[in-house]
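See below for the structure under consideration.
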Amino acid sequence: AGFGAGLGLALASSAFIGGSFVLKKKGLLRLCGRARAGQGGHAYLREWLWWAGLLCMGVGEAANFAAYAFAPATLVTPLGALSVLVSAVLSSIFLNEQLNVHGKIGCILSILGSTVMVIHAPQEEEVSSLESMAEKLKDPGFIAFAVCVLVSSLLLIFVAGPRYGQSNVLVYVLVCSAIGSLSVSCVKGLGIALKELFSGKPVLKEPLGWVLLVCLVICISIQINYLNKALDIFNTSVVTPIYYVLFTTAVMMCSAILFKEWQHMVLDNIIGSISGFLTIVSGIFLLHAFRDMPFTPSLLPLFLQPGRTDPHPPWSSADRHQCCQHQPLLPSEDKGSQSAEEEEEE
């Protein structure tokens, strides 16, 4: 029951989140002559399309929130690849961001890799109360991971952002992904708190639940801000898959450290999870690396090009040599002017 509920909620989350990228981009494109998000402006707050995208993202994140409460994070997160497919299809329809053959193959590979990861998903350690969640949050490995995430995010925001944020898509997306890994941990803790609240336990008196709520609000605010900047500067079909890969990697690392998901895995599940993730990365590489390469029939081999029956070009080397032998060295006009000059000299 938990697996089915988590799977259905994760699928619904991918659909809403994929559509939210397109709605937000559509709203950002309507900011003609006003301060754009890429330059630090907030004029998009007056666009209803942007708010519609934010509402769709809120619904998707709520479904994702519930999915994390029913299933392991490493099972829910890879299904975010479907949001890449939804965003790519809707972008080609409503934003005229056409996907070439490489992009379509990349989407298919991302979906296949996600399926393999779901099949071989690791099992997390059972966390049934806020007390056990607090013990896991005190683990030295997780504390070191959280410190590294915060330090690297601050360096990206204040050092790399002003220099490379307008030209490199990884700067702002890395901030969203790194902070997003911490938000998943907060979501898992709040899901446990809600379960205890519905069972009648006095959860509202526990300070850990409120701390996790405040941290979640801060993390989501940072994600929304820098994701808007990335969407305003770069193509939606580029931002979405790169964000998925980096976010999935960060969540897998965080879940492996916090919930010890990889500790009791057998060899075939380890190989399957790694292979599925590498397949996703290959698909995302095809989406990103060849996004500006037009795929035309002229790129095909000659025998596959339409209307070409003769594989040999008509301008062969023998014909070219023969024509060069009979080609005059000077044009006829130059010859006439040269003969006239000779007559004058005589």
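Cβ from N, Cα, C; glycine included.
Here's what TrEMBL has on this protein:
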REGION    311-346  region 'Disordered'
TRANSMEM  6-23  transmembrane segment
TRANSMEM  48-70  transmembrane segment
TRANSMEM  76-95  transmembrane segment
TRANSMEM  102-121  transmembrane segment
TRANSMEM  141-162  transmembrane segment
TRANSMEM  169-193  transmembrane segment
TRANSMEM  208-226  transmembrane segment
TRANSMEM  238-258  transmembrane segment
TRANSMEM  270-290  transmembrane segment
Suppose I define contact as three or more CB-CB distances under 8 A, residues 6 or more apart in sequence; do the transmembrane segment (102-121) and the transmembrane segment (270-290) meet it?
yes
Leading stretch by Cβ pairs under 8 Å, where the reference is the transmembrane segment (76-95) and the options are 6-23, 48-70, 141-162, 169-193:
6-23
Determine whether the transmembrane segment (48-70) and the transmembrane segment (141-162) share at least three Cβ pairs under 8 Å, counting only pairs 6 or more apart in sequence.
no
Same chain only, please: residues at least 6 beyond the ends of the transmembrane segment (6-23) with a C-beta under 8 Å from a C-beta of the stretch. Say none if there are none.
49-50, 52-57, 59-61, 63-64, 66-68, 70-71, 75-76, 79-87, 90-91, 94-95, 118, 231, 236, 239-240
Non-local residues, at least 6 beyond the ends, that sit with Cβ under 8 Å of the transmembrane segment (141-162):
171-172, 174-175, 178-179, 181-182, 222, 226, 250, 253-254, 257-258
